[in-house]
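Undergrad: Dropping a structure here in structure tokens format, bear with me for questions.
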Amino acid sequence: MSALLREEDLNDFITPEVACIKPVSSKPSNGVDGELSVGKEPEKVEISLADCLACVGCITSSEEILLSRQNQDVFVKEWNEKKTEGYILSVSIAPQCRVSLSQYFGMGVLKFDQMFIRYLQEVWGARYVVGIQEGREESIKLMNEVADKGERKICSACPGFLMYCEKKQQDLLPLLIDVKSPMEITGHLLKDGNKEKMYHLSIMPCFDKKLESMRPESIGLVDCVITPKELVNLITPEQVDKYFATTKETIGMLEWEDAIQRVTPKWMNIDTSFKTNEGSSSGGFAWQYILHRRFQMSDNDNDNAYKIETVRGRNLDVTEFRLIDEEGKILVRSTQVFGFRNIQNLRRLVKDVKPRKLKRFIRKRPTANGNDNSISLSSSINNQDNNNTKVEEPVDFCKSDFLEVMACPRGCIAGGGNLKNGIKNGPDQDSDPNQDLNTVYMTSIPMTSIEPRHNLTLPSSQENVIVGVISHDLDDSNTIIKLQEEQKYGNKYKRKLYNPSSISETHNGDSKNTIEQPVQFTTW
């Protein structure tokens, strides 16, 4: 990273006594207690720059205060107060956390879901327990629609990457898709449909989600965020024996669905909540975008006209999906970019691209009746002619129409709040625990498909306009799509991106700059 110190970096401080919070695991000793080993030096502990970005442990003073308001002790204290005031408890949990906790307790994911719901109901009195899939589906659909307009192309539900852009790489902000994360939209779905006072606890794989819940546009959607590492501290040994004792017992889909149905709000989708979609264990945004574009371009009579090819990058954390026509030409690309090293490469490549090259173009294809049907596609960032692009080309971030970025190597399944080892026996030392969790994620959580948003009824004069697909001969098509989005969603699902240089400085002695006004903090 650059050693240069910029003026805007000086408007906050890190307290001197704050040490790195990155946990360091130690290998068990084979010696007897009290026995000294001569001639061996202890191994030096190394924490890489990649760890630091994913961890965001070196937090500012304001972020330290915010984080202190989001932990398991705060949840216990606040919920004990709120329930006496007539509040109901709702809990949302990310699928990565369900996988991590199920492996920690040594049971299958479906069995864990059943026992976890029972634990929350009997111990904490939870009224509703939901997954975040419905919120994720709304997030994916909206991100696809924003990306279709061609101005923004970087998608990230990762608060670590978002804060990195806002603090250090403001030049990337115009490319970020301004849609809220699945956690935040789940908060909207829970609270907007409920008439009672609700306390919302969310269990997330990443500590940075705590800061995300305190963003100005998200305050009130999630009342407290904890991670699996903090959740297990709430569970007593007696409760482990009662609810989470290691077992090979499995349950069927009907029993699993029955458990979910009892705790799903009537205004949310029972069939979706605890499932997941195709793609990666981080949400599959890049994969879903390429499916979305294939749907737009495919004829009902010829669904096999386009195929999707997966191309690996130089390391496991870069994957590109390519939509290819029958002649082998690449039409659309979407790319997964995980980990700090790849983010640095992305930053260097995208930083040099001039804004004038962010254009849109129209690709025409014949329809079944022989007429031309124009579909608007996002151009590659360097506006190259995709007709001349060959399938054999290596992965190139600058040619991608859609980028899914996560700070952690391996993505959200490797979030810092997830548990790495089981309650009794950890995974094989020679295996990659993140890869193990990824395999469990993709094979154990029931899958659901995301229906394309194409069924809105339009006036006959606009019959050739579909949400996210713009006909070139309609001058007011952008207005139509904007009105459709605002009619269905308003602006509540939009993300506000903050550039520190545009935020007014905090003046000494100004008592108004408190936690209750987070926009005044230099956190964002």
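For all residues, glycine too, the Cβ spot is worked out from N, Cα and C.
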Undergrad: Select from 21-44, 429-452, 501-524 the stretch of residues annotated by Swiss-Prot as region 'Disordered'.
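TA: Residues 501-524 are the ones Swiss-Prot records as region 'Disordered'.
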Undergrad: Given that Swiss-Prot annotates Cys158, Cys408, Cys412 as [4Fe-4S] cluster 2-binding, name the residue from Cys206, Cys224 that shares the site.
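TA: Candidate listed by Swiss-Prot for the same site: Cys206.
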Undergrad: Counting all other Cβ atoms within 10 Å across every protein chain shown, which of the binding-site residues Cys158, Cys206 scores highest?
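TA: Within the set of binding-site residues, the most crowded position is Cys206.
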Undergrad: Determine the Cβ neighbour count for Cys412 ([4Fe-4S] cluster 2 binding site): the number of other Cβ atoms within 10 Å of its Cβ.
TA: 25
Undergrad: Ten-angstrom check, please: count other Cβ atoms within 10 Å of the Cβ of Cys408 ([4Fe-4S] cluster 2 binding site), all chains counted.
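TA: The answer is 28 other Cβ atoms.
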